[in-house]
Amino acid sequence: MAPKSSSSGSKKKSSASSNSADAKASKFKLPAEFITRPHPSKDHGKETCTAYIHPNVLSSLEINPGSFCTVGKIGENGILVIARAGDEEVHPVNVITLSTTIRSVGNLILGDRLELKKAQVQPPYATKVTVGSLQGYNILECMEEKVIQKLLDDSGVIMPGMIFQNLKTKAGDESIDVVITDASDDSLPDVSQLDLNMDDMYGGLDNLFYLSPPFIFRKGSTHITFSKETQANRKYNLPEPLSYAAVGGLDKEIESLKSAIEIPLHQPTLFSSFGVSPPRGILLHGPPGTGKTMLLRVVANTSNAHVLTINGPSIVSKYLGETEAALRDIFNEARKYQPSIIFIDEIDSIAPNRANDDSGEVESRVVATLLTLMDGMGAAGKVVVIAATNRPNSVDPALRRPGRFDQEVEIGIPDVDARFDILTKQFSRMSSDRHVLDSEAIKYIASKTHGYVGADLTALCRESVMKTIQRGLGTDANIDKFSLKVTLKDVESAMVDIRPSAMREIFLEMPKVYWSDIGGQEELKTKMKEMIQLPLEASETFARLGISAPKGVLLYGPPGCSKTLTAKALATESGINFLAVKGPEIFNKYVGESERAIREIFRKARSAAPSIIFFDEIDALSPDRDGSSTSAANHVLTSLLNEIDGVEELKGVVIVAATNRPDEIDAALLRPGRLDRHIYVGPPDVNARLEILKKCTKKFNTEESGVDLHELADRTEGYSGAEVVLLCQEAGLAAIMEDLDVAKVELRHFEKAFKGIARGITPEMLSYYEEFALRSGSSS
């Protein structure tokens, strides 16, 4: 029998190898997301718009090398790029490399997660492209037109928002950043004027709605124009480039972060030459909305580092060990793609204090893993961990020691200068012809937005625009949208709806009571303005003269004499953040909860400073410790004393307390430095009673009925303000009971009301308050 031919054997081998290749291809798993990494070659030239992708990924998505595809953040519009196959042996499967120029279009930073799609159609040829510079220079004075032409020709694909960085000028002694501000094709409709029912020659609107519309540059056919614009046309609605200049009110914090991040990332050997390891961790803490996350994005954009974000809840898994594995994967990626920054948002949620009762086994394992990973980063590595929290005391103390989170940077609530800076930057983003706010108007807004954080001010600007639009639509449905402008009145109207974040947890309706609503008591009103409004509104003058403002004011007097009403009017008229505290809400049956409630009230007041804390019936909260007060009441009083005048100074917060039993308040609370000023709010005099009667009877038609209000004012001698109001209400009720359609209230109705009202203020009561005034010696 003849032997088998070798050709038959080779066919079998060939078939086997083919099947092996097919099996290998079928086993390939397409990544769910891709990681942004920098371009392997220089950013300018023929590689500007190329994206290097693993060959197997291109095969799976049926994208041919050299054809168009789109990359973009997951769930967002993409950017058109030219696909190139990376080295199969070297290029990671889940990585897409992009040039700085392409990343600038979508504000992409290294480490961003991307999705990849095949482009359905070829972009149109551009008939016109407009070029500007980030510095606002006249480009033709700095560079030759042929240099720009070659730059765009090499790029091939152009789109608004592309930034070509660090281009040498004619002189060669400096560089500029060139930006494409606009591009168009005469055969296509203007992007800003597109109608949702329109279709176009390139395959429908879906193909036009990239993040930025792409065009092909054709040398000799595409006309180049030059502009002094510093950014892409607003009609494209591109993400705004993040830079330190865009952040308002955080100059000190920015300088601190720049030194703490950039040197360890890019020059860690400087530290090792001194025999010390560079700082590895930074803890940003401060109230929500102050700009912690925004600050990180700016640092990430400017430092050109690989950024990984850990959001507490997103990595927590119900399965044992998965959370720790996710943390290890993130730190491994950071070590692989150095220099890198790991940002942990809300770190208190994944690494709480292990000493807390509510901290379980899972939290303890996560904290232990995080400690191990931070210790294992090594002295020479270029990895920095930045964490953010608004509850720094809830973070495990082992993380806050040097060697882990070496530095702690507080991002506090902005002061008036910082608010002015933030508002100026916010309104500068609007076109100058869309608002009529000058520098003085913005200063006025900044002075009135006490306790507002950056996020609140952004919301205020947005709400102001809403008010402007509503005002325009209310007057004329066909109004020209370009004639609408944001005014100071719109901003003031928006301030009613947008409250400071620190005050949002306090469900307190701002009382709409004005000084004019309080009959008489002119001396009391003047004293309250002098002692409370003036120090808060003119704090700089007080500091310059070395005068300390009163810490607190005690309003005491008989019941019904407008003590609480005065506090409400003060809150409304001053425009200052107002916190009202009711005694029964403070006391809690659980040990320590009442004291915690007091601390929380003062914390909120400090956050929203300048502010007023109003304690109504304060004698219930601070009974005399020499009397029959309980242990719980003593603990609350001690907390109150410490908060008002303890080790931590109370700045920008004034205490207003009201009581009708001043001698039952503990003496320690009444001393100077706490409730320094005592104001007696006595029964209204004849003029004050007349004012109250006029306010309460203005709809009684007393002129027709012949009721003499002066006589009624004399007859109500010794009545409290509340009793005078009750007299009017009872008289009105008597008139209605006589006739449901009554038009006027007559004297007989008042006579009937007098019979049902007894004076609540006795001579003994008045002498009691006089004795207290003599004993305290600080009545005003």
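Backbone N, Cα and C atoms are what each Cβ position is placed from, and that goes for glycine too.
What you are looking at is a predicted structure, and each value in this text was computed from that prediction instead of being measured.
The annotation region 'Disordered' is assigned in Swiss-Prot to 1-26.
Here Swiss-Prot flags 1-23 as compositional bias 'Low complexity'.
Taking the Cβ of LYS292 (ATP 1 binding site) as centre and 10 Å as the limit, one finds 24 other Cβ atoms among all the protein chains shown. For GLY286, PRO287, PRO288, GLY289, THR290, GLY291, LYS292, THR293, the entry in Swiss-Prot reads ATP 1 binding site, with the evidence type sequence analysis.
Residue density at LYS563 (ATP 2 binding site): 24 other Cβ atoms are found within 10 A of its Cβ, drawing on all protein chains shown. According to DSSP, LYS563 (ATP 2 binding site) sits within a helical segment. Sequence annotations record features per position, and here Swiss-Prot assigns ATP 2 binding site to GLY557, PRO558, PRO559, GLY560, CYS561, SER562, LYS563, THR564 based on sequence analysis.
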| task | Go through GLY286, GLY557, our binding-site residues, and report the one whose Cβ sees the most other Cβ atoms within 10 Å. | result | GLY557
| field | Spatial separation of THR564 (ATP 2 binding site) from GLY286 (ATP 1 binding site) - C-alpha basis, Å | value | 34
| query | Roughly how many angstrom lie between the C-alpha atoms of THR564 (ATP 2 binding site) and THR293 (ATP 1 binding site)? | reply | 42
| query | Looking only at DSSP and grouping its letters into three states, which state does THR293 (ATP 1 binding site) belong to? | reply | helix
| task | Could you tally the C-beta atoms, other than its own, that fall within 10 angstroms of the C-beta of GLY289 (ATP 1 binding site)? | result | 22
| message | I need the neighbours of the ATP 1 site defined by GLY286, PRO287, PRO288, GLY289, THR290, GLY291, LYS292, THR293. Which other residues of that chain put their C-beta within 8 angstroms of the C-beta centroid, in sequence order? | response | ALA388, ASN390, ILE411, VAL453, GLY454, ALA455
| query | Apart from GLY557, PRO558, PRO559, GLY560, CYS561, SER562, LYS563, THR564, which residues in this chain have a Cβ no more than 8 Å from the mean position of the Cβ atoms of those residues at the ATP 2 site? | reply | ALA658, ASN660, VAL681, SER720, GLY721, ALA722
